[in-house]
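For A:117-144, the entry in TrEMBL reads coiled coil. TrEMBL lists A:21-44, A:170-194, A:224-246, A:266-286, A:298-319, A:347-368 with the feature transmembrane segment.
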Amino acid sequence: MSAYKTIWKKEFKDALRDKRSVLAAMSYAFFGPMLMAVAFFFLISQLTDPSDVKISIDGKQYAPELIEHLRENGIVERDTDWPAEVTPIELSIPENWAEAIASATPIAVTLRADWSAQKQQSDIKRVEQALQAYSAQIANYRLILRGIDPRVIQPVQVAKQDMATRGSKAALIMGSVLVFILLSVFWSGMNVAIDISAGERERNSLEFLLSQPVSSQAIVIGKVLAASCFALFGAMLSLILIPIIFSFVPLHQIGMSVDFSLEMLLIMFLALVPLALLATSLQLFVSFRAKNFKEAQTYISFLLIIPMAASFGVEFARLKTPLLYYLPLTGQHQTFLSLIRGETVNWLGAGVSAVFTLVVAVLLTYLIGRMLKSEKTVFGL
Amino acid sequence: MIEVKSISKSFKTVSALSELTFSARDGEITGLLGPNGAGKTTCLRIIYGLLRADSGQALIESVDANRYPLQARSNLGIFPDKFGLYERLTVREQVRYFGELHGLQAEQLEHSVDNVIERLDIASLADRKSAGFSQGQRMKVALAQALVHNPKHLILDEPSRGLDVMSTRILRDILREQRAAGTCILFSSHVMQEVAALCDRVVVMAAGKVAAEGTPDELCQLTGEAALEDAFVKIIGSDEGIAA
């Protein structure tokens with residue numbers, strides 16, 4: 001058997017017996033989607049709150065029609081007191097309501113609320129919209145009564161055509177889920193990568209391993225493959241768990257649909273293979289330079305910021321340049337985005353970025369091999 | 001046969017070895033004796049190709065360790081300065097791992113592993129994970145790793161450090177057995193009794209150079225001292241760094 005396979009097999013077996021490594025690989029894949037699903041669950045239930053808005057109404061006896069209109073729009077007077085920590089939403093109708101309506105003069109209706117309160121945003125908006133709708137209704141009646149077409153006061157009519165498909169709306173929310181899947185290859189293999197490099201040095205077994213009649217390249221290849229297996233194991237776990245967990249989130253209530261077809265998941269997994277190799281070779285490159293486990297951990301946490309910043313940056317800045325399709329990490333990200341939006345994937349871009357990613361991974365692996373030949377890195381001279 | 005030919009090595013500005021020359025013959029135990037910092041470990045690391053000599057050659061069966069380290073190492077069994085065991089693997093798995101790295105396969109591999117486990121009398125440990133082993137047990141596992149491929153040369157860097165009397169005796173017995181089998185054994189030590197008890201030839205090192213060379217008796221005669229320890233002190237010129 002070739003030496004790299006021997007090392008791969010041994011490191012994999014060794015890591016599987018390390019509870020910390022296995023737990024690290026699994027917990028990210030498991031708890032991450034879980035947390036995200038819970039967050040979405042609350043977001044959706046807040047956005048689609050169908051219950052009545054209960055507000056305080058002062059002077060309702062002066063404007064029974066307005067009150068009726070509000071009631072039809074799901075805004076009713078509260079019969080309980082406001083809780084202490086919530087700023088009340090109060091509507092005051094002045095005494096001269098009927099008089100002002102009859103004489104067609106403006107009426108000052110006061111709406112008192114805390115506009116900065118995150119939780120009451122949608123409530124306040126609903127009250128405002130209902131009031132404006134009522135105002136527009138009366139305006140129309142008045143114009144018609146005076147023999148004027150109400151359309152004269154609407155010179156510009158904005159026709160809103162929502163081009164968002166169900167899928168592309170979902171992409172907005174699913175974008176962060178995609179970043180999460182991408183990062184799974186960086187997280188899941190991390191502990192193994194540290195353990196078989198800086199850990200090996202710390203446990204004093206590195207010198208003996210390097211004294212075997214095996215090229216340092218074979219040693220590094222075996223180690224990269226072992227850690228990559230863990231990274232891909234974590235990625236696979238997230239790819240399996242995310243569709244399952246998200247099937248419980250009522251995305252359709254906010255007009256979204258996400259279908260994770262088996263084919264899509266398979267393409268995602270394949271796209272993650274070169275990325276996993278890049279992630280682990282990068283982690284090994286860094287942690288072989290560290291003197292011990294702790295030092296390596298520090299470096300690698302810094303290293304994690306790079307893919308996180310890159311993918312979240314692209315995600316939130318809505319960065320659009322064709323270059324993104326061809327680079328490592330962003331290329332896989334774009335492929336994922338296209339897949340989830342139901343667009344056609346830029347296969348050329350996906351291919352180029354896969355090759356690019358692989359080339360960088362191989363280059364890094366080669367550099368680590370050279371590094372292990374240098375007495376400076378081996379003995380930390 | 002291990003030949004060290006005028007090796008020099010310096011780390012930055014510190015000269016560790018200068019023009020070091022000696023040889024270790026097959027079927028003999030050669031002791032590399034020197035105080036701490038004399039360059040013993042550096043010298044051994046050059047022999048198994050982990051450090052590169054600035055000038056000079058280390059030959060194992062006429063193979064230059066610096067130029068063809070893989071070929072040179074395939075003839076070597078190594079017991080390094082620091083040996084860490086893989087604590088999550090069983091002893092058998094570790095020994096098999098290093099057997100495989102030496103290119104042993106299938107039946108030959110299993111046979112070699114069983115053989116070395118039997119020879120070192122560690123059958124009772126073989127299927128245990130090495131976490132929590134005593135120093136003596138760890139030494140035996142490290143030796144098993146070094147011997148699994150039946151090397152013709154054995155290099156040991158202070159193998160007896162941290163061992164109790166019983167373990168030291170076992171180590172000596174194993175080394176004598178290996179010698180009887182014709183193995184060329186080179187080991188470093190700063191413990192006088194051990195060198196006196198075990199070595200056929202002694203190379204005394206001080207400050208990166210060979211200070212004297214010969215059998216323990218020859219060294220005593222050379223200096224006119226009765227005990228090797230006194231001879232040693234006289235040779236290196238100070239009593240600094242010598243373990244009792």
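We number each residue from 1, going along the chain as drawn.
The backbone N, Cα and C atoms fix where each Cβ goes, and this holds for glycine too.
Across the coiled coil (A:117-144), mean pLDDT in this model comes to 85. For the transmembrane segment (A:21-44), the partner stretch with the highest count of Cβ pairs under 8 angstroms, out of A:170-194, A:224-246, A:266-286, A:347-368, is A:224-246.
Long-range contacts of the coiled coil (A:117-144) within the same chain, counting only residues at least 6 positions beyond its ends with a Cβ under 8 Å from a Cβ of the stretch, are 46-47, 49, 53, 55, 66, 69-70, 73-75, 86-87, 89, 91, 101, 104, 109, 111, 150, 152-153. Same-chain neighbours of the transmembrane segment (A:298-319): 175-176, 178-179, 182-183, 186-187, 190, 193-194, 279, 282-283, 286-287, 289-290, 329-330, 333, counting only residues six or more beyond its ends whose CB sits under 8 Å from a CB of the stretch. Same-chain residues lying 6+ beyond the ends of the transmembrane segment (A:266-286) with a Cβ under 8 Å from its Cβ atoms: 181-182, 184-186, 189-190, 192-194, 196-197, 220, 223-224, 227-228, 231-232, 235-236, 239, 296, 299-300, 303, 307, 328-329, 332, 335-336, 339, 345, 350, 354-355, 357-358, 360-361, 364-365, 367-368, 371.
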